[in-house]
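The structure appears below as structure tokens.
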Amino acid sequence: MAQITRRKEPEKSPGIHWLCLALLCTLPLCLATTEDDACHVCECDSFKKIVNCNGKGLKSMPNGIPHDTTLLYLANNQISAIESGAFSGLTSLIRLDLSMNGLTELTPDMMKGVGGSVIGKIYNNELLEIPSRLFYRPGREHHVLTLDFSGNKIQHVAADALLGVKGVQEVFLSSNNIASLPEDLFANVTVFGTLDLSSNDLSSIPDGLLRFQRKLRTLYLHQNFFRVLRREMFVGLQNLRTLMIADNPITEIDERVFSDTQLVNLYLFNAELRSIGARPFMTRANSLLLVSLYGNDVEVIADSVWQDLGPRCNVSIGSTLRRVPFTRSDLNINLVGTDFVQTLSVTKEERNLLIRAGFSCEKTGYRTYQCTTCHQGTYGGAPEDCTPCPSGGFFQNRTGQVVKRGADLNCFFCNNGTYVPPEAHPGKTIGDCVVCPSGTDTSRHAGFRACPCVSNYYRKDRFGECFACPLQGTDCSEEYQHLLPGFWWTWDWGSVDNYQSYEKYVQNILIHNESYDESTVRFKGALPKVHPCPRKESCQNGGDGINATCEFGYEDFLCSQCIANYYSWFNRCFECPRWYVFLLEIVAALVVIVVLIIIVMWDLRRHRRRGRSAINALFSRFKIVLGFYQIMGEIFEALDGIHWPQALTNIGSFFRLLEVNIAQLIVSPRCYFPNFTYPTIYIEFITGMSFVVFVVLLALIVYGCRKSYLKMTKLSKEVCNNILAQTKQTCYLVVVILLFVTYPSVSSAIFTLLPPGCDEFYLDDTDHFKVLRLRSDYSIDCESNQHVSYNYAAEVSLCYVVGLPLALFLMLWASCRSNKGSDQCSSAPETDQSGYQNESDLDPKSDTELLCHANSEEINTSEGTGVQSEDVEHDDVTSSSLPESDREKTDDNKITWVSFLCENYKEQFWYWEIVELARKVLQVVFVLMFNADDHFTLFATIVLSVAFLIAHAYLKPMKDAAEHRLQMCSLTTIFLNLSAASLLLLPNEENQSSDARKEFLVVFLIVINLNIVAFVAGSAVWTLVKAVWKTSCCSRAFACIVVIGRLIPHPNRSRSRRPINASHTEGETTLISGRPVSDTIYGSV
């Protein structure tokens, strides 16, 4: 049997127990290390015991500050308040820096729990008071090395603020708003070194405030409001060595005021002393070695004033003394002027204080500095050096000046209208102020420039002359040229440095203090030239105005082009529609055109034997309206630079809609092809010329196809010839109508592309850079190769402009000559004695006869049946199957290209439609090819308008009186519009009467421009009313009553009744309408 052995288990290591114990011990430390741990946020140096939290953006005290920290820096954060006991436990802390935090409040007992002597830096905050018991430590008093509360807004100091503090080396309370101090503030505190109370609102100090400060060595009281130095102020200051009490309005000094001190250095300059008593400088053991009295207007000094000074004492006093007192031979007394500069050798601590008192210091050795008072033209108070008075209206003729609290500088003002130029900067005397240059307002103070410019003037140099603002387009209110809304300029003609230089100069000139950059006070480049925008609303020009800014949707030259996803429509940019919207617009337009064609053809067929139809008359008048609005649309577009009233501008856009410009009636292709940026005028030219070619070719193709088709049929040759003749006439009619309608717009596109259609633009105010831009599309450079090619093409296309009217004239002449004696060139009814067709002749039947004729079939059955059968026969039988005489009569009543051109005019004026076609071009050719602002252009256009108006009034070429009046009205309206344009080109008058006259002009022009449409619309409505009346049940009933009434015999009427149509031959019967009907048509009853 095999022996079974048990596997030996391994022994547990005792290290596992120690590892778990170590983890448990370190767990509290890990839990204590949170996001608020100071060393996670700040920089900690465990060796030097430093925690540096400067500039960390803290808004509250961080937690977890190591207890052994000696130096804690919390400056330049956003801590607004410190809670009581916030530093508890920091027993080793010796330096605390809370400066530049925006602190607004300190709580009592804030330093509770802090051990050792502390340097407290709490300057440059927003504190309003120093609270009670700030440094109190229960049970014991302690020393503080430094307390710095300077640069706050402290107004109140609690009497027990320093409770618990036994001694302090330095106390800084300067640059606050302290007006008074509690008398027992330093009752139990000894100040060993320096007490700084400068730059406050103190006018006196309590008598007992410094009574027990026997160890105080330096006292700074400058820049306050002391007027009298009383002896009680300095009692007890037995160890005082330096007193800085300058820059106070001191007018009086008590006798023996310093007798309780051992004063060595007395700084009493820049005060208001006028006299000095007998013994004001008495000290213990005659210790005074330096007395600075300059900057006072002292006139009288007692002879005994110098006897208490120390040996070899240096005295500086102004040269305003009336009499020099007796002096000792060992003294150094200097009578100095306003340019006196005092030099002192001081320690590092004294240097920091003297800088605030109007001194400039340079290091001369280890912890030694040489300080001098700020020179003339400068003032002290800056952290490191004296600040010069800025160029402009400032100077400083005194030395040792200090910027006053709450002020930006300490300089005297030059007289109004004078300034200190940069080359004489800084101004040391009033003689450095010179007269401001031309163009400036010398009645005002110069400020930080060479006097402000007068109204509507600008400058290119902050300290140079001002120039008159350009007449239009710019605003110079801020002493620099910036664009007004409605105007445009560009910087894309010079170097980039030119624009950047002007941009920096504008930023400079907009600064009205001394913070401007001295390197950009002058602009030496050239400014752009201003141009008015075609559409003023497109040029918005916001911001500082140095860049032309366009309205959203517009861009490029003069803000005249549309951005991507926008299209141009009558000089406006609109957002591109959806594709289905565009498709619906095209379908709707086609439907309208088809419906109009159907109505016209139906009306022509219905009135084939009834003379001139109502639609035919309206169509003739439509030609007049179309010609008028085509001309006016071109005039409003070409004279777009004239400041038309807004109402007329809107009407002009409507006029251009009636121009029948094919390219403008189609949405821009850029809406569907974003990269398609081809200019619109090129598209108009190509579309117009292509349309002409397309129409002619289409007519030739239709005629050729019809001819080929007839060859394959079995019709007789005579019938084929008749059909081909009709097809030829139809093709002629379609071609003539389409070319007639589109001729003005195509001609305008051709004229626009000719060389005179380009405008010259100077881009800079020196007229050195210029460009040539197409007037109708400012994005096109006329000097580009592409435009030169189109220019050549337009010159060739002038053949079409001249050739179409000439060809129509020759064709019309040949047609009228070959058909001389026929009615083809004079197809309208006869005219009255005045030469005009009567308006009632639009239909040969009178209203009563028509109504009776319409109902005569109900009264006379046999006659009605005959008429009805005749009408049906007439409508159903084609002209090709009628006899030759009937076919000629039917063809004469059909509208042809000849009747289209001649129908409106008398027989001798068969060519007048060609004259009208030429007039449409001649009246706009000048404004299209030449600048609309040119007075000669308008003069020539007005002369042509007057010439055509006189010719039409004298010759009276139209048959219809109403159409003649309509044409006269349109010609007169064109003349009045051109006259108004010439008036708007005159200089503008800015007064109420001028505005009133302009409003009257607007109303008048609107009325005369719309009366053309009103006339035609009224005619159409009247024709519709008559048509409804003729076909309504009321008219039929009325006709029946009239007819029945005529048939009833009346005794009074029997004698006067005469036979109707007695002139007709036998065998004919006359209808009520007056139409003769053959007896054979009626048949037997």
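Positions of Cβ are set from backbone N, Cα and C atoms, glycine also.
Panel annotation: around the domain 'LRRNT' (38-71), residues 32, 77-80, 82-83, 86, 89-95, 97 of the same chain, lying at least six beyond its termini, place a Cβ under 8 Å from a Cβ of the stretch. Positions annotated as domain 'LRRNT' by TrEMBL: 38-71.
According to TrEMBL, the region 'Disordered' annotation covers 824-844 (among others).
Residues annotated as region 'Disordered' in TrEMBL: 862-888 (among others).
TrEMBL lists 1-32 with the feature signal peptide.
Sequence annotations record features per position, and here TrEMBL assigns transmembrane segment to 579-602 (among others).
Summarising the annotation, TrEMBL assigns transmembrane segment to 614-632 (among others).
Residues or ranges marked as transmembrane segment by TrEMBL: 681-705 (among others). For the transmembrane segment (681-705), the list of distant contacts is 661-664, 669, 724, 727-728, 731-732, 734-735, 738-739, 742, 745-746, 749-750, 752-753, 774, 776-777, 780, 790, 793-794, 797, 800: same-chain residues at least six beyond its ends, Cβ to Cβ under 8 Å.
For 731-754 (among others), the entry in TrEMBL reads transmembrane segment.
Positions annotated as transmembrane segment by TrEMBL: 792-814 (among others). Within its own chain, the transmembrane segment (792-814) is flanked in space by residues 685, 689, 692, 736, 739, 743, 746-747, 750-754, 825, 898, 901-902, 910-911, 913-914, 917-918, 921, which lie at least six positions past its ends and keep a Cβ under 8 Å from the stretch.
The transmembrane segment annotation in TrEMBL covers 936-955 (among others).
The feature transmembrane segment is assigned by TrEMBL to 967-988 (among others).
Annotation comment: TrEMBL describes 1000-1022 (among others) as transmembrane segment.
Secondary structure of the domain 'LRRNT' (38-71) per DSSP (helix as H, G, I; strand as E, B; remaining residues coil): 4 helix, 8 strand, 22 coil. The average pLDDT for the domain 'LRRNT' (38-71) in the predicted structure is 89.
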